[in-house]
Amino acid sequence: MEFTKTKALKGEITVPGDKSISHRAVMFGALSLGTTEVRNFLQGADCLSTISCFKKLGVDIENTPDCIRIHGKGLHGLTAPADTLDTGNSGTTTRMISGILSGQSFESILNGDESIQKRPMKRIIDPLSMMGAELISIRDNGCAPLRIIGKHLHGIHYTSPVASAQVKSAVLLAGLYADTPTSVTEPFVSRNHSEIMLNYFGGNVTCKGTTATILPNPVLKGQSVSVPGDISSAAYFIAAGLIVPGSEILIKNVGINPTRDGLLHVCREMGADLTLLNENCDNGEPTADILVRHSSLKGITVGGSMIPTLIDELPVVAVLACFAKGTTVIKDAQELKVKESNRIDVMVNNLASMGADIQATEDGMVIKGGTGLHGSIIKSHKDHRIAMSFAIAALASSGTTHIEDADCVNISYPGFYQDLARLNN
Ligand code: S3P
């Protein structure tokens, strides 16, 4: 797919529902008694993988134009799947469902696509095994496919070496089935949607500093969930608005949970003109409309506790840095290496091919911005966030940018290119 420089982007846009919240709504709805209705569910490939896995576990899920309706089975109502659970490209599905399957009275096999089969699963195998489950990496390489033999679980206090909501959530979900409370301490707080939504469904999760604790065996009850727009999808329009001269974009109803809003802080520190309007709250998740105007940006350092709050936005932060005066340093972000692609290498190589002054480091990258970019051939490595980041970079670059495997955006944002084109008219 090809992209060229654009004139000012103007108008209003609503981005699809939050991916993390959509996954959780299906999972927690499945484990609840009664019906859960999910509005503004993200119909992206990753969340559809979660639906397909729970259908195979015996849960009746209706995907209507209005809402997703999940007829929950309660904590102990899932049934053994007839064949392998296919988690597609979704790390969230793979890791979180592993926590649930660890506490079942049956065995399951989990597998996903080529990228999932390379992503580290030892980070969940270790704590879930400590709780008493048996998780086997079938190729003995610490990755999927995984064989999970559910067991009676014991509560643990797990100190995670990584700030990862997928790891934290997997352990908390296994904690639903444990004999005593389970807690997870992380180096920095990662996104807390599981904690918020479990409590909304009747669970008992408390958070203190970087520790979350869950009490076992609650009665979860089906709820109505309204999914806010995904800030990780809004990020591309925020970036586009900032770097394309003359732009003014209003992005409606975006989730601004403080464990996810790092991009807003970083953009403001870079000098961005961002305004939050209509601040609200939906099922415990804060939302707002975000008004973004073209701004002249300056380089900054991004690292430490900020990183988990914008981990998925770092590729587009690297794009912003190319259009900012001075040096931007992204550090403490070694997790980027184990996402859908190695996002340090992939961003650095592709931005360098567009003429950026950029160096990879062990835990991030250093970018000297403000010199302009030119079109080139971008290898997305079928990573949705890479494809979307370069579609934005191209809008403010000279020449033509060709993005390979551009349709991978369907993982988190079906309709992305159409939405972008609409602002371009
Ligand atoms: C997610 C957590 C993050 C994020 C991913 C979604 C979640 O992954 O990158 O896109 O929904 O919990 P990690 O837990 O690996 O940081």
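For all residues, glycine too, the Cβ spot is worked out from N, Cα and C.
Caution: TrEMBL annotation is automatic and unverified by curators.
What TrEMBL says about this protein:
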type	residues	note
ACT_SITE	Asp312	active site, proton acceptor
BINDING	Lys19, Ser20, Arg24, Ser164, Gln166, Asp312, Lys339	3-phosphoshikimate binding site
BINDING	Lys19, Gly91, Arg119, Gln166, Arg343, Arg385	phosphoenolpyruvate binding site
DOMAIN	4-420	domain 'Enolpyruvate transferase'
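Mapped onto this structure are the features recorded in TrEMBL.
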residue	record	Cβ contacts under 8 Å, 6 or more apart
Lys19	3-phosphoshikimate binding site	Leu42, Gly44, Asp46, Cys47, Thr92, Asp230, Ser232, Ser412
Ser20	3-phosphoshikimate binding site	Thr92, Ala165, Arg191, His193, Asp230
Arg24	3-phosphoshikimate binding site	Met96, Ser169, His193, Ser194, Met197
Gly91	phosphoenolpyruvate binding site	Ile116, Arg119, Gln166, Lys339, Glu340
Ser164	3-phosphoshikimate binding site	Arg123, Glu186, Ser190, Pro308, Glu335
Asp312	active site, proton acceptor	Ser232, Ala235, Lys339, Arg385
Arg343	phosphoenolpyruvate binding site	Leu314, Pro315, Leu336, Lys337, Asp383, Arg385, Ile386
Among Arg119, Lys339, Arg385, which are binding-site residues, the residue with the most C-beta atoms within 10 angstroms of its C-beta: Arg385
Mapped DSSP class for Arg119 (phosphoenolpyruvate binding site), helix or strand or coil: coil
Cβ under 6 Å from ligand 1: qualifying recorded positions of Arg24, Arg119, Asp312, Arg343: Asp312
Site diameter for phosphoenolpyruvate, Å, by largest Cα distance between Lys19, Gly91, Arg119, Gln166, Arg343, Arg385: 19
Secondary structure at Ser164 (3-phosphoshikimate binding site), reduced by DSSP to three states: coil
Integer mean pLDDT for the domain 'Enolpyruvate transferase' (4-420): 98
